[in-house]
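**Q** Pulled the feature table from Swiss-Prot, pasting it below:
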type: DOMAIN; residues: 2-216; note: domain 'ABC transporter'
type: BINDING; residues: 34, 35, 36, 37, 38, 39, 40, 41; note: ATP binding site
């Protein structure tokens, strides 16, 4: 599903990633842990084609994306990869349903189909009755679940999450963590999660430890 080979990345004189090799299989829920500055977020961004490595090969869902041009990468990213960040980044002027539909619109999905697909996901997440509410009318946990729904709308093969529960209280953290496994079991996606949350790391299928730009 995800194959990285010899990934390096530097910012100026600082080498952040030092030859990363990594294989993640279809349907795995994988956590990436390590101290601040270990290179976790940079690795996730490169994995998600949001940044490019200085050297190395990236293969996602059977496609070598290493040599793709930006326009190709953008289309590939929108179709094959979903992103969840610590802060939900929902657009305040749109309802929960409309926020979830945005990536589908970008992909050219007809409005009716996008709406049906978005409502199905929101229903699965227990948010059907909140679909017409705007972000300021939702709780923190609800907003983050809407953000997860948005990541799922184009049925991507991979979901990449960077500290997805970092801004939530303990109850909402537990609900969100369980949701990742429920979604994997329902839709078959692969999840790669950068986290400092030890409880989440313990329940993932595999934990990848990073220190100083290396996997140990």
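The backbone N, Cα and C atoms fix where each Cβ goes, and this holds for glycine too.
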**Q** Could you list the residues of the same chain, at least six apart in sequence, whose Cβ is under 8 A from the Cβ of residue 41 (ATP binding site)?
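**A** Set apart from residue 41 (ATP binding site) by at least 6 residues yet with Cβ under 8 Å, we have 162, 194.
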**Q** Neighbourhood of the ATP site (34, 35, 36, 37, 38, 39, 40, 41): other residues with Cβ within 8 Å of the Cβ centroid, in order?
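**A** Same chain, not in 34, 35, 36, 37, 38, 39, 40, 41, Cβ within 8 Å: 210, 211.
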**Q** Relative to the Cβ of residue 34 (ATP binding site), which residues of the same chain, six or more apart in sequence, are found under 8 Å away?
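**A** When sequence neighbours closer than 6 are ignored, residue 34 (ATP binding site) has 40, 209, 210, 211 within Cβ distance under 8 Å.
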**Q** Rank the binding-site residues 35, 36, 38, 39, 40 by the number of other Cβ atoms within 10 Å of each Cβ, and give the residue at the low end.
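**A** Ranked by other Cβ atoms within 10 Å, the binding-site residues 35, 36, 38, 39, 40 bottom out at 36.
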